[in-house]
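J.: The annotation domain 'ACT' is assigned in TrEMBL to 32-111, 126-199.
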Amino acid sequence: MLSLPINSPQKAFFAIIPRLEVSMSDTQEQFIISIMSRDRVGIVYEISNAVSQLNGNLADVRQTLMCGYFTMILLASFPPEVTQRTIERKLAEVDARSETPIVAAVKRLDATDLRPTADFPENSYVLTARGPDRIGFVATVSNFCQQHNINILDLSTTASDQEYLMILIIDLSQAASITQVRQDLKQFTQETGLQMVLQHRDIFRAVNEINLPARVGGNISLIQFDSHIGG
């Protein structure tokens, strides 16, 4: 997942957490759990403790903080007797004792939902977009992607001094052709006035002296990238 600081106009630091390979166990049920609450000390403990009380095993956890609000998404496996309703009731107990309201959602995963993914696809690209901060910036760029059948794998944005920066990791495997995408992107930048660069992940890494990680368990690899990439 990408995480960009707001207060760094010259350099942006972000972390990519490799995707974990997940398999469906014959004796375990898999669930996706999402959590949102106003940030405070102890939320991670309260949620993870509730999962462990149900004999749940956390396979993957992602969290972020925005405008004082904490969000977390978890992939957890539970014994077959633990149902979606069981988890929801346990999380409701956590909410009842919480200093701040906790909004939780639980979704049981079928075997078809658990497609193994190791890092990003080989044909993934990095698309950067930079321009004046304005309403509709993200919608404008993402519309270009959907019109060209480009799947957005990861997305992060940051704003500083009225300038907006958007970094996307995208999958072009379903696009018509990379040549056509580049041609249309050139016209798109002329029409919108945005500075945009499309590079294969390997080239992006080499140009910016970045070491994008392969799958290394659940470790976090810190990455540095020069903000002039959009120019």
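Along the chain as shown, residues are numbered 1 onward.
Backbone N, Cα and C define each Cβ position, glycine as well.
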J.: Express the predicted model's confidence over the domain 'ACT' (32-111) as a mean pLDDT, rounded to an integer.
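T.: Averaging the confidence scores along the domain 'ACT' (32-111) gives 95.
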J.: From the DSSP assignment alone, can you count helix, strand and coil residues within the domain 'ACT' (32-111)?
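T.: The domain 'ACT' (32-111) comes out at 26 helix, 34 strand, 20 coil.
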